[in-house]
Structure formats: C-alpha cells, structure tokens
Amino acid sequence: MRADWIAKRRGQANVSQMHYARDGVVTEEMAFVAARERLEPELVRAEVARGRMVIPANVRHPELEPLAIGIEACCKINANIGNSAVTSNIDEELAKLRVCLKYGADTVMDLSTGGDIPQIREAILRASPIPVGTVPIYECLAHVKDVADLTPELMLEIIEAQAAQGVDYMTIHAGVLRDFIPLAAHRITGIVSRGGALMAQWMLANKAENPFFTHFEQICEIFKRYDVTFSLGDGLRPGCLADASDAAQFAELKALGDLTRKAWEHGVQVMVEGPGHVPLDQIPMNMEKERELCSEAPFYVLGPLVTDIAPGYDHITSAIGAAVAAQHGAAMLCYVTPAEHLGLPDIDDVREGIVAYKIAAHAADVARHRPGARDRDDALSRARYAFDWNKQFELSLDPDTARAKHDETLPHEAFKSAEFCSMCGPKFCSMKIHGHLAEAAAAQDEAANGAAAKPAGGLQVLP
C-alpha cells in the first residue's frame, strides 16, 4: 500500500513523519490514520509536529498499514513475540504473529534472543501489516561473548541494520545512567528490565557512561533516514509494588524527557516507556509525571501490574492497571500474558494477553469518550436483548471463545435463536420477561391513545 508514498521520498535526508509535519505537510500516512481515527488530517499533522502523536512507519516496511499512537488517538496495544535462547522457531513466531493479527494487536515487538535473529525478524516484518518494534541490545549480545565486550560501534551497526530491514520502532535504553545505578541498590527486585540490567552491567564493567546515551545523536541520525520511532526504554522501571515511584524510576524518567526533546531537535518521533508494577492509587500520578517531564510524548506502559500475588494471572492484574493508565492518558499498552514471570508465552498465552488488553484499551476509550468508541458495545447490547446469539458472537472481542462457552451447555444450532441461555432458562430470563412487559405496555398505550381519539359510545355530537 505504501510503496508509491515511500518512492516519492527516496533520497531525502530526513523522511520522518515529524519532519514532514513540521514542514506543514499532511503525508499519506497522516491522512490514512486520520480516517481510521475519525480525526481531521490537520489535527493529526499538528499532533505529530508537536510530538504528542507518533506514526511508526519505517520507509523499508511497505507492507505496513499506518496507525497513530497518541493522546488524541484510540488507545493501542502491543503484543510481544519472539523466541528465547532455549525455545521457539520461525514457524512458531509467525503463528504467534497470526494470532496477534486475528485478535487485534496494534503493534508487535520481536524480542528474539536466540537463533538467527535477523532471519526471524525478516520473516515477521514481511508478514506484518502492523508496526514492528525491537530491542536492539538483544541482537548485539549475540555478537559478543560477554556484555562487557560490547562496543558503541557494534551497537550502532546493529541499530542501522535493523532500521534498514524495516523495523518501525526500537526500544533504546538511553536513560539508564551511571549515577542512577546506586538508586536501585536497595530495591526488593533491583533492576528488572533486561535492557536496563545489561546496560548497568556494561557501565560497571567498563567504568563508562551508557553508550546509548553518549551516542544518542548518532542514533537520531540513523532513525531520521528511515523514519524509525524511538521507544525510550524504562530500564529502571519498578519490578514490584514496593519499588514503585522511587528515586531511580523518576531519575530515569527525567533523563528520558531530556532525550525526548533532543530527538525532537532532529525531527525524530518518540514515545516513552513506563512501568511496570504500580499500586492502583499511584497510577494517575505516574501518568501526570510523564506528561510533565517528557513534554507530553506518548506514554507506552507495561501494565502496570497492581498486585504481585497472582503468577499465572498477571494478564488480569496488569490489565486492571492498564485500563486506569489508559484512562489517565497512556497512549499504548504493552500486553502481559498469563506466562509473565513464569516462562516464554505460547500461542494460547498470546491470545489471552491480547484479549485482556483489548478489553483494557477499549474500556479506557469508552471512558475518554473517543468518537465511536461505544458503538460496538451498543450494537452487542441490542443483539443481546434481541437474543441474536450469532450477532453477539460476531461482535465479541473473541468470537471463538464466546461461541464455545455457549456451546458448552446449548450446543445445537436451534439454541442460537432461543430466547434464553442455560443460566436462567426460558422461565427466569429477565430480558425475555421485560420484553413481554414492554409489549404489554405498548399495547396498553396504543389502546389508551385509540380510546382518547374516539368519541364515547351512545353520545351524539349535535351540529
């Protein structure tokens, strides 16, 4: 779809959406997302120029159907896929991608850490019509025996290679600085971000500052050539409730705000990653803090989990926090699966995580009165009241599961037009009872109106 759009920009030094927006240009991508979001194209352009909206759309990813992430857009969700050093393969990752697309993930991140990482990423990119993100530090580690052996040159080389391949956004842990490491020393769970821990290890081993920070402007130069969006990593995010909203987290967040504005000077798009594990009552404050420190750049949050006691159910503990975060301004939610803290997610875990987060994002869109956000809810409610079971399944976030649940007790097709379910049966269905009451009331009203319009029997009206 984007091949012709991209061809017109070939040879330009900066092809980022922010660059064009600041020049007053409404790109084809901006017009496309405006239609998707029911927004005016000029509003999209202004939001991208301001930095409050991003359109991750690498010019080397022509398969992409552009989308917007920002406070004026519907809340988006990301699903993580990718192998580990001990399990998974290309076919399995592509199967996960198909599940992501089926159930409505807005973006995917390839977090592969083993095998032929570029080959896996290439397969995902060519099959993905949604933005693809990565964490470059993972591939960097595949080229060295020890994290201490990483060089800035290698890191920039890997970033350039991923950009040239078509990656739309990258998590860059540039805000984990040497001075911040001691701030996390007394945490219960320490540094829980893989990228954050790796950069801390590198800095301690090399007695030097974070190379993502010292070489940030070189990364900006790469990103603007391909239109890669920064996803500034929260390497010091809290990994448990006790560590939430501490000095380490907010020191890094302030640094990410400075880096956001630095990237904007280069015309590069930015979103900022956020926690993590946060008590429910602290979530609004965390959202406000990001807006304040990061000049309203889109906030991309992992959950947050609102309790630490439910391994196996962290798609639920985090979706609760995600809904609150989105209601208070988070622009994109990174899903959490039932396998979180326990192992590598399988396809079923991916599906459950996506559905949980689609619910959270949708609930926030309804609460924020997004244009058309409640249309599907109202349509399903009407189908429910009309006992149109097939329409209810069709409108569900997960039609297969909705139908399967109905089939468990009423499997025959005849029951798909029945005016009851197995919970209440035909005698106790409140909607059926109300339907009869409504019909009776309507009949009474009609009779009353007819009687009022008709002269009383036996009386003659004299001229």
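Keep in mind that glycine also has a Cβ here, set from the backbone N, Cα and C atoms.
Around the Cβ of Ser193 (substrate binding site), a 10 Å sphere holds 23 further Cβ atoms from the protein chains shown. The DSSP secondary structure for Ser193 (substrate binding site) is coil. What Swiss-Prot records for Asn80, Met109, Tyr138, His173, Ser193, Arg194, Gly195, Asp234, Gly235, Leu236, Arg237, Glu273, Tyr300 is substrate binding site, and it gives sequence analysis as the kind of evidence.
Residues annotated as Zn(2+) binding site in Swiss-Prot, with sequence analysis given as evidence: His277, His341. Cβ contacts within 10 Å of His277 (Zn(2+) binding site), excluding its own Cβ and spanning all protein chains shown: 25.
Counting every protein chain shown, 17 other Cβ atoms lie within 10 Å of the Cβ of Cys429 ([4Fe-4S] cluster binding site). The [4Fe-4S] cluster binding site annotation in Swiss-Prot covers Cys421, Cys424, Cys429.
When Cβ atoms from all protein chains are considered, those within 10 Å of Asn80 (substrate binding site) total 22, not counting its own. Sorted by the number of other CB atoms within 10 A, the binding-site residues Gly195, Gly235 start with Gly195, the lowest. Taking the Cβ of Tyr138 (substrate binding site) as reference, residues of its chain lying under 8 Å away and at least six apart in sequence are, in sequence order, Leu111, Ser112, Thr113, Ile117, Arg194, Gly195.
Cβ neighbour count for Tyr300 (substrate binding site) (all protein chains, 10 Å cutoff from its Cβ): 27. Within 10 Å of His277 (Zn(2+) binding site), as judged by C-alpha distances, the binding-site residues found are Arg237; the full candidate list was Asn80, Gly235, Arg237, Tyr300, Cys421.
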